[in-house]
C-alpha cells in the first residue's frame, strides 16, 4: 500500500512539530523549507491537520502552528485513517463482473487491517523517542 504525498507530508509535519519544545510555534515557511515541499501544498496539509484537531494554527504576525494533541496521543494509524482513501480496489458489481465470486476483496481487507493495526501501535512520540539522528536532522539552523 502506498500513502499519498499528502499523508506523507502530514506525518512529516507532525513529527517535526513534535520535535519542537512544547507549545512552541513554527511557521509554514520553516516546514516547507525543511522538507522541500511547495507552500501551496503545505498550506492544504496544515489546514486539514487543523480541521482534524492535530494542529493549532495562530494567525497574525506572531502566529504559526503547533501540535494540538500530545505526540503520545497521535497514532500513525489514526492519521492514515483520517487522510487516506483506504479502499484498495473498486469491487462494485458495476466495475467488476467477478465481484460476486471473488475472494480477493476479503484478502485485501485483511491485509489493510493488518497494515493499520501495525500503524496503530506507533505514535508520533515513538518515532522521535531515542532517535537522536532524527532530532539532529530536524533541528533548526
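Cβ from N, Cα, C; glycine included.
The DNA-binding region annotation in Swiss-Prot covers 28-51, and the record cites sequence analysis as its basis. Summarising model confidence by region, the DNA-binding region (28-51) averages a pLDDT of 95.
The [2Fe-2S] cluster binding site annotation in Swiss-Prot covers 91, 96, 102. In the three-state DSSP reading, residue 96 ([2Fe-2S] cluster binding site) counts as coil.
Feature annotation from Swiss-Prot assigns domain 'HTH rrf2-type' to 2-129. Across the domain 'HTH rrf2-type' (2-129), the DSSP tally of helix, strand and coil residues reads 72 helix, 11 strand, 45 coil.
Cβ neighbour count for residue 96 ([2Fe-2S] cluster binding site) (all protein chains, 10 Å cutoff from its Cβ): 14. Residue 102 ([2Fe-2S] cluster binding site) counts 13 other C-beta atoms within 10 Å of its own C-beta, drawing on all protein chains shown.
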